[in-house]
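Feature annotation from Swiss-Prot assigns ATP binding site to G38, R39, N40, G41, A42, G43, K44, S45. Residues or ranges marked as domain 'ABC transporter' in Swiss-Prot (evidence: sequence analysis): 2-223.
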Amino acid sequence: MIKIENLTKSYRTPTGRHYVFKDLNIEIPSGKSVAFIGRNGAGKSTLLRMIGGIDRPDSGKIITNKTISWPVGLAGGFQGSLTGRENVKFVARLYAKQEELKEKIEFVEEFAELGKYFDMPIKTYSSGMRSRLGFGLSMAFKFDYYIVDEVTAVGDARFKEKCAQLFKERHKESSFLMVSHSLNSLKEFCDVAIVFKNSYIIGYYENVQSGIDEYKMYQDLDIE
């Protein structure tokens, strides 16, 4: 379970402070993959980043005894002056036991298919190469929850299929916290839904289709 208590997150803007969330309270159940549904700017990705520990709230708590990934495929955190291998080794030291380091590095090297570039500085990589390394690194470690923000596969058609197969394998063993513009992907991978509107959560739904229906309804109301 992930328990969110009195969570507040805001940003300074030229016109004053903008609140993404204010005193948010919600529980995410164990063993359930959750679809986060809402318009752009509703706070879905911000909440995922805070759950994953790469952004901090102004106040409040996120309480869990589960392991949670960083956003799958995140490539922005690599150190450009280090090689792909060195970046992977650095992360592996944080998330794996000493005796597992070689295995994790070999997994990413084989999966990302970067050849000689795996031992070259990240700053020489194309965006696609960074994405392949980021996806492989995300999948190298087992988590109770994977954070999936609009990314399920990268690269050419063959590599995308390879990513999709591994993605499905991880889904058999773990839960996803997922944001996607593809409602079909949300229905395929998620069990329940949380629907966002502006800076608050409308509700928690025991099946994804109910959440999608609610989302479509308030969209229609806003248009009218």
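Quick reminder: no glycine exception, Cβ is built from N, Cα and C everywhere.
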Sparsest-packed among the binding-site residues, when each Cβ's other Cβ atoms within 10 Å are tallied, from R39, K44:
R39
Least buried of the binding-site residues G38, G41, G43, going by other Cβ atoms within 10 Å?
G41
What residue among the binding-site residues N40, S45 has the most other CB atoms lying within 10 A of its CB?
S45
Residues flanking the ATP site, with Cβ no more than 8 Å from the Cβ centroid of G38, R39, N40, G41, A42, G43, K44, S45 and excluding those residues themselves:
T46, F196
Long-range Cβ environment of A42 (ATP binding site), under 8 Å and at least 6 residues apart:
F196, K197, N198, S199
